[in-house]
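J.: Questions regarding the structure given below will be posed in turn.
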Amino acid sequence: MPDPGSGDARPDLWVRLEFGAMRFVKGHGTENDFVILPDADARLDLGPQLVATLCDRRAGIGADGVLRVVRAKLCPEAADQLGEAEWFMDYRNADGSIAEMCGNGVRVFARYLVDSGLAAPGEFGVATRGGVKRVRLGATGDVTVDMGSPRVLGVSRATVNGREYAGLNVNMGNPHLACVIDDPVAELDLTREPGFDRATYPAGVNVELFNRVGDHTVSMRVHERGSGETRSCGTGAVATAVAAAHAAGEPTGTWSVRVLGGTVTVTLDGRTSYLTGPAVLVASGSYPASV
Ligand SMILES: N[C@@H](CCC[C@H](N)C(=O)O)C(=O)O
C-alpha cells in the first residue's frame with residue numbers, strides 16, 4: 001500500500017484503495033478555479049502528487065488549486081483559531097505546494113459551506129494558515145472577505161519577457177510583488193515564471209503586473225507561485241490595489257481590479273482590506289470516476 005502522505009507515483013490508485021472514490025465539487029472565483037474536497041473528519045491525507053493529478057487540466061479534473069474542507073478542531077494548523085472558526089481551508093497550489101492564503105479560494109470555500117448547509121448565510125470566520133478570515137455572503141451572490149491588513153515590505157523588481165519592472169513587496173499572508181507598468185498587460189507573455197530577487201522572496205512569490213485604466217480602476221495579470229498564470233488572484237488583487245493606492249498617494253479607497261476572469265473590488269480603509277467578487281460552484285462528481 002503506498003504511503004498517502006508521500007506523494008507516491010500512483011495517487012489515483014491510493015485513493016481508490018483507501019476510500020473507493022472521493023467526492024469533489026468544482027468552483028471558481030472570477031475563473032480562479034478550485035477542486036473542493038469535502039473532508040469534514042480529516043480522513044484524506046493529500047500528498048503533493050495527488051493534488052497535482054487532481055489539478056491537471058488534461059489528465060485530472062483541472063484547477064488552479066485544491067481547497068480541502070475540514071473541521072478546524074481536527075487541524076493542528078488551526079489550533080489557535082478554534083474559538084473563531086468551525087472550518088479550516090486547507091489550500092494547495094496546482095503543483096501540490098502549500099500556501100498560506102488564497103483570497104478567491106476563501107470566497108469559494110465560503111460559498112461551498114453555505115450552499116452545502118455547513119454554514120448559514122451571513123458573516124462567519126474561516127480558519128486558514130494565514131489566520132482567521134471573516135467572510136460575508138448571502139444565500140446567493142457575491143462574497144466579501146476581510147483580507148486583513150496588507151504588509152508593505154518595500155520595493156523589489158520582476159523580470160518579464162526580458163524587461164525589468166519595479167514593484168511593491170506586499171505580504172497578504174502570502175508573498176506578492178505588484179508592479180504598475182507602462183507596457184500594456186494584455187501583451188505580456190506570462191507562460192514562464194517572472195524573474196525575481198530570491199533573497200527577498202526565498203519561498204517564491206506571486207507576481208502581479210497592472211495598468212491603471214481609469215478612475216480607481218486597474219487591469220491586472222498575475223503569475224502565481226505554484227500555479228502559473230491564473231485568470232484571477234484574490235490576494236494578488238489586494239496587493240495590486242495597495243500598489244495602485246501607493247502610486248496614487250491615496251492610502252484609503254475602493255479599487256476595481258479587472259482580471260482575465262472578471263472584476264473584483266478591493267476596499268482599503270487604512271486598518272484592513274476587503275475583497276468582494278463572485279464565487280460560484282459549477283460541478284460535482286467523484287474521483288476516480290465511479291460509473
Ligand atoms: N489564487 C490565490 C492565491 C493562491 C496562493 C498563491 N499561489 C501562493 O502560492 O501564495 C488567491 O486568490 O489569493
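Placement of Cβ uses the backbone N, Cα and C atoms for every residue, glycine included.
Got these off TrEMBL a minute ago, pasting:
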| type | residues | note |
| --- | --- | --- |
| BINDING | N32, N93, G103, N104, N174, N206, E224, R225, G234, T235 | substrate binding site |
| ACT_SITE | C102 | active site, proton donor |
| ACT_SITE | C102 | active site |
| ACT_SITE | C233 | active site, proton acceptor |
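How buried are the listed features, and what sits near them?
T.: Long-range Cβ contacts of G234 (substrate binding site) within its own chain (separation 6+, distance under 8 Å): G29, N32, C102, G103, N104, G105, V106, R107, V145, M147, V264, L275, G277. Following the DSSP three-state reduction, the secondary structure of G234 (substrate binding site) is helix.
A sphere of 10 angstroms centred on the C-beta of C102 (active site, proton donor) encloses 32 other C-beta atoms.
In three-state terms derived from DSSP, C102 (active site, proton donor) belongs to neither a helical nor a strand segment and is classed as coil.
For C233 (active site, proton acceptor), applying a Cβ distance below 8 Å and a minimum sequence separation of six or more within one chain yields N32, G103, N104, N206, E208, V222, E224, V259.
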J.: Among the binding-site residues N32, N174, whose Cβ has the fewest other Cβ atoms within 10 Å?
T.: N174
